[in-house]
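Here is what TrEMBL records for this protein:
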type	residues	note
DOMAIN	B:106-318	domain 'ABC transmembrane type-1'
TRANSMEM	B:12-33	transmembrane segment
TRANSMEM	B:108-133	transmembrane segment
TRANSMEM	B:145-166	transmembrane segment
TRANSMEM	B:196-218	transmembrane segment
TRANSMEM	B:253-279	transmembrane segment
TRANSMEM	B:299-325	transmembrane segment
Amino acid sequence: MSIVELSTETLPGVAISGLTIAYRTDAGELAAVSDITLGLPAGTITGLVGESGSGKSTLALSLLGAVQKPGRVTAGSVVIDGIGDITKLDEHALQSVRGAQIGYVFQAAQNSLNPLKTVGKQLLDLGRSHRVKDLRGLLREAKVLLSRMGLAAERVLDSYQHELSGGMRQRVGIMFALVLNAHLLVLDEPTTALDMITQANILQIVRDVHAERGLTTLIVTHDVGVVAEVADRMAVMYGGRVVEHGQTMEILGAPRHPYTRGLISAIPRLTGPVDAAKPLPGTPPTLGTIPRTGCVFRQRCPLRMEICDTVAPAMIGGVACHAVNETEQL
Amino acid sequence: MRGFLRRLAGHLTRGLVMIWVVVTFTFFLIRLMPGDPVQVQYEKLIAQGMSPDQAASATAVTYGFVPHGPVWKQYLEYLSGLIRLDLGVSVDSQGVAVADRVFGAMPWTVLLVLSGILVSFLVGVVLGVVAALKRSTAVGHSLSIAGSLLHGVPPFVIAIVLAAVFTRRYRWFPSGGQYNGDEVAPGFYYDFIGDVAYHAFLPAAAFAIASYGGWLLAMRSSVASVLGDDFLLAAELRGLTRMTRFRYLARNAILPLFTVLAISFGLVFGGSIFIERIFNYPGLGMLLFASIGARDFSMMSGAFLMITAAVIVANILADLLYTFIDPRVRRQA
């Protein structure tokens, strides 16, 4: 559907098209990501929002060709400028691209560092794995990055993971992702499990390094607030599909898909009564309960129509919903 | 370094306290044995025509304390003897100092136990990694089965089988001794070391075969759990080479096994009684076995004490080793 739509956007840093990723389970191959077409324009920050199990992390991993077994890409492509279709690369090519051209930052609560080695030693491992000749230069670059993020670089390089706080680990994670000059940065839940002030700090850092280094950034989160704060563009995922995407301000200002609307009205406001926030009724589907035909959201949808049971809505003008398309065409 | 020294001092203190507890326990245990061996020997000597004074001092030489008088006084005398490494004299072969026999037998048992444990640890760990990485293939399954199968067989059964097959049916290995005294004299040269290894091979193999299965299974589950850790995925996403990631995996997976290694040292040391007996290998276990048979109580308590001390020292060494390989422990010290 969207080749035309992609071409209307600026030159994409990443073009995901028709991407389907399925996990092999006892009940057969189940798609965690279905037929997603999405562009990450060069130089932008894109926020990918969704509930747990919506397939957003699987999508993020696919940008590094790192969908974990028993999952695999069953259809579609992920074309990255300067690299090509990453789903077609062999293991050796993937190894040299990861870390060097695409940086990945884990959730802070996840331990992304080897607990038995200091940060500095792991940095040297990174350099050797990528055949960096000038290891001193690499250390220098790491120190610049760490100081830039407000850390005592020397001390951090000499520390083990357990000696760093959550916020420090996250900054170290960002340093690892960028120290080899990657231009595509993928952050998976970068602020989850951090306190509010640290969250704000990390987001500020993400914004700053993004601008300074001219990155293309994808930030995966379940927190609409994070997207509102940093992302130029956003995409909303539900049940393995992107249901709405576009400029962040436009979507947050006037959400069109009933799921997006539900998400936004579920956020409690700082002022006004607490119960003004309306939780979405029902629960998100799991891998096994995602509807195979029709619209994935219909069971929780207030605008459900007959056609929703049988036909998956096409992405038209940034939103995939039969009801919305019908009313907007009127 | 200062942290390390403080740690070492703490360990030594605790080790000494533990040895003291065991010594006290053995002291009273012997006094509580049916028939009170101390009293029995004392009375036997009198019956043989010694004067009570002579009998008392003869018994005192044997056990390191005077057989009558207040218990606390006997206990203190015993302790002060121990501090001078005087473990008394053998009851069975009069005039032989227990300490000499025990210290003479000790190195041979340490040799068996250490080589057995190290070989089984290395083999088990390597096979465990393979079993974990190939756990859904035929290789992985058969390794796990081989591991659990032999893990269930007690070491002395394996020792009996080895002894029967390789010293009786096929006379490939010697049927006893530490080395062949007729052919080689003790010393640090190739022939002697070769002969010692030749004699120690079967007993050490019995230890190794009996315990490698445990290491295999432990390493397999440890590797499987580390494989699920986020930092390995992170390493993959940073583009670290396969070899580097394997090193990360191996070092993290082997760590919990070191604690078990220390504990197993104690178990294997205890198990050496049977193994040495079966292979006629004159070590500490054999000494203990013989002294039990001859009701040689002073020798028994000396051997007990030595085994206790060896286990405690092994634990201390393991713990210190741990501080070198796990930075989380090191920096807290």
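Please read every residue number as a count from 1 along the shown chain.
Each residue, glycine too, has its Cβ placed from N, Cα and C.
Remember, TrEMBL labels are computer predictions, not curated facts.
The transmembrane segment (B:196-218) makes no contact with the transmembrane segment (B:299-325): fewer than 3 of their CB pairs lie within 8 A, with pairs spaced 6 or more apart in sequence.
Contact count against the transmembrane segment (B:12-33) (Cβ pairs under 8 Å) is highest for B:299-325, out of B:108-133, B:145-166, B:299-325. Relative to the transmembrane segment (B:145-166), the listed stretch B:253-279 leads the set B:108-133, B:253-279, B:299-325 in CB pairs under 8 A. Long-range contacts of the transmembrane segment (B:108-133) within its own chain (CB-CB distance under 8 A, at least 6 residues past either end) are made by residues 139-140, 143-144, 147, 178, 196, 200, 203-224, 227, 250, 253-254, 257, 261, 264-265, 268-269, 272, 275-276, 281-285, 310.
Using a Cβ-Cβ cut-off under 8 Å and counting only residues 6 or more beyond its ends in the same chain, the transmembrane segment (B:299-325) has close neighbours at 4, 7-8, 11-12, 15, 18-19, 22-23, 26-27, 30, 82, 87-88, 90-92, 98-99, 101-103, 105-106, 109-110, 251, 255, 258-259, 261-263, 265-266, 269-270, 284, 287-288, 290-292, 333.
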